[in-house]
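Peer 1: Dumping what Swiss-Prot says about this protein:
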- R13: site 'Important for substrate specificity' (SITE)
- D72: active site, proton acceptor (ACT_SITE)
- T73: site 'Important for substrate specificity' (SITE)
- Q155: site 'Important for substrate specificity' (SITE)
Amino acid sequence: MEPQLILGSSSPRRKSILQYFRIPFTCISPSFEERSVPYQGDPVAYSQELAVGKAESIVQDHNPEGVILTADTVVIYKGKVFNKPGSHDEAIEMLKTLSGQTHSIITSVALLQQKKLMVGQETTQVTFNKLPEEYLGRYVEAFSTLDKCGGYSTQEGGGLIIHNIQGCAYNVQGLPIRTLYHLLLEFDINLWDYLV
């Protein structure tokens with residue numbers, strides 16, 4: 001019997017990564033309000049709380065029978081969280097701050113089915129090139145970065161801004177396959193069985 005997997009996300013990047021496999025899934029956007037959770041100084045705990053909150057909101061709103069998969073990605077630099085920018089100007093300020101620097105990207109993945117909850121996370125280090133400030137506005141406009149934490153995308157124009165990625169590149173896109181693989185095994189779902 002095919003597993004019932006529910007991707008609790010409106011992210012086209014997460015959907016695209018999951019589509020690398022033949023595993024059937026449906027998408028439900030969580031109603032969880034991310035901005036309602038204050039950052040308390042622990043980026044892993046923060047990311048996990050957001051991922052679990054998304055999964056729990058899907059249970060509350062839809063009560064599906066399948067395995068709910070949610071994730072949350074945060075950018076951390078010098079102890080500060082860079083979520084999705086609220087405006088064009090905020091995205092530019094984020095890029096200025098990260099220019100020429102190394103920051104961390106933490107993605108927490110939560111799987112929830114009935115009362116069974118499994119959570120894991122992945123951390124990746126990303127180093128930016130020194131960015132020419134006069135082009136940052138064009139970058140934000142060209143690649144619609146307001147829906148991306150940190151105000152940037154590795155897939156769209158990433159080569160212009162990223163010097164180096166240490167760790168899982170899928171983590172930077174919002175869904176670390178290695179972490180997902182190990183968590184799905186806890187629900188008797190093996191991604192190796194769903195290779196295209």
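Positions of Cβ are set from backbone N, Cα and C atoms, glycine also.
Remember, predicted model here, so these are calculated numbers, not experimental data.
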Peer 1: Could you say which of the recorded sites T73, Q155 has its Cβ with the most other Cβ atoms inside 10 Å?
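Peer 2: Per the Cβ count within 10 Å, the most buried is T73.
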Peer 1: Return the residue, from the listed recorded positions R13, D72, with the maximum count of other C-beta atoms within 10 angstroms of its C-beta.
Peer 2: D72
Peer 1: Taking the Cα atoms as reference points, how far is R13 (site 'Important for substrate specificity') from D72 (active site, proton acceptor) in Å?
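Peer 2: It is 12 Å, counting Cα to Cα.
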Peer 1: In Å, rounded, how far does the Cα of D72 (active site, proton acceptor) sit from the Cα of Q155 (site 'Important for substrate specificity')?
Peer 2: 18
Peer 1: Reduce the DSSP letter at Q155 (site 'Important for substrate specificity') to three states and note it down.
Peer 2: coil
Peer 1: Reported as an integer number of Å, what is the Cα distance between Q155 (site 'Important for substrate specificity') and T73 (site 'Important for substrate specificity')?
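Peer 2: Rounded to a whole number, the Cα-Cα distance is 16 Å.
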